Amino acid sequence: MASSVLSECGFRPLPRFYPKHTTSFASNPKPTFKFNPPLKPPSSLLNSRYGFYSKTRNWALNVATPLTTLQSPSEEDTERFDPGAPPPFNLADIRAAIPKHCWVKNPWMSMSYVVRDVAIVFGLAAVAAYFNNWLLWPLYWFAQGTMFWALFVLGHDCGHGSFSNDPRLNSVAGHLLHSSILVPYHGWRISHRTHHQNHGHVENDESWHPLPESIYKNLEKTTQMFRFTLPFPMLAYPFYLWNRSPGKQGSHYHPDSDLFLPKEKKDVLTSTACWTAMAALLVCLNFVMGPIQMLKLYGIPYWIFVMWLDFVTYLHHHGHEDKLPWYRGKEWSYLRGGLTTLDRDYGWINNIHHDIGTHVIHHLFPQIPHYHLVEATEAAKPVLGKYYREPKNSGPLPLHLLGSLIKSMKQDHFVSDTGDVVYYEADPKLNGQRT
């Protein structure tokens, strides 16, 4: 079953498997309920629904009736909803609700986004270098760092195969996009595949996964502090590429890393060579243009890009006002793990970074092209029901998410070493260090 689910999503299974949990729902004596919720829920009242896409997009949908539609919950039912309970629908139900054209990949459209973003990157650099004005440099740094992040998202689509159906085109475009911003394409692609295949699993997830309590408490106090004290976590990505997360070993650059299978060594070496070539080019440009000019044109925008990447990816898996579950063992399944992800609204940035905020459907079906994710999300909402958490509307810039980030950094430190359904816990001593 696990192999069929992963192949349906465009994945090649990894050597290690976790059996998918078989669930069923007992009928509730009250006809208004679909299932029996637990007596002691781990979360409080869910956030009221916000119009995430309604103010920015007006989709005219022609959507087939989903196989499973949840009834509008009463107040009592909403209060008792357990996000860790197995859902009353399966992956096929969600897939059936998504229009068929959402699965179609258009390489010309994908390339048009590449041309657009690359043109903007060079245009911004040319304007900044021409005026060379300290009043304009901060605006350039933010804009160019955001565009570097947009390039990363397009390379990310290449890694998933949602860019096109041609693996060679995906590889060439992915290497050009990611190498230009010092990301090893295949090394990251493979580890990101592991992240999607194991999303929501305490031990086997790859990105921003929780630390078990025993590992957390064995960290040095300075490591704990830097891991959860802003802005340091938002600068972590380059260090993660070199040495991964606490509790895991290996490097995205080394072909013998635990991240990779033996047959993937050639791919990793190719990407590391491309990364090295880009680093050498930057060194040469330092001699030609001067280190200060290169710092202004490339160095600072690079770190803005890193902050965007860490900010977005962290909040797609953390920071909801209600605690969301993480799984182990038989309680984990591909569907349940994917339902712990979160959509976010980024205001004006939505279009710039290719609607990466539509993260739930992307995690469940990563081969859907980014330009179909908004429509696919709207179509899937009736099936997902309360397992979909409407994001709060953003202003022009997603400043509202800063509060969610700060709160999560203060509360989400580790999970229990035992239990197959666990929730983040806070370290009161760490919080005490900040007060």
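From the backbone N, Cα and C atoms, a Cβ is placed for every residue, glycine too.
Swiss-Prot tags one of the stretches 41-45, 156-160, 201-205 as motif 'Histidine box-1', and that stretch is 156-160. Your range for motif 'Histidine box-2', going by Swiss-Prot and the list 82-86, 192-196, 327-331, is 192-196. This prediction places the mean pLDDT of the motif 'Histidine box-1' (156-160) at 98.
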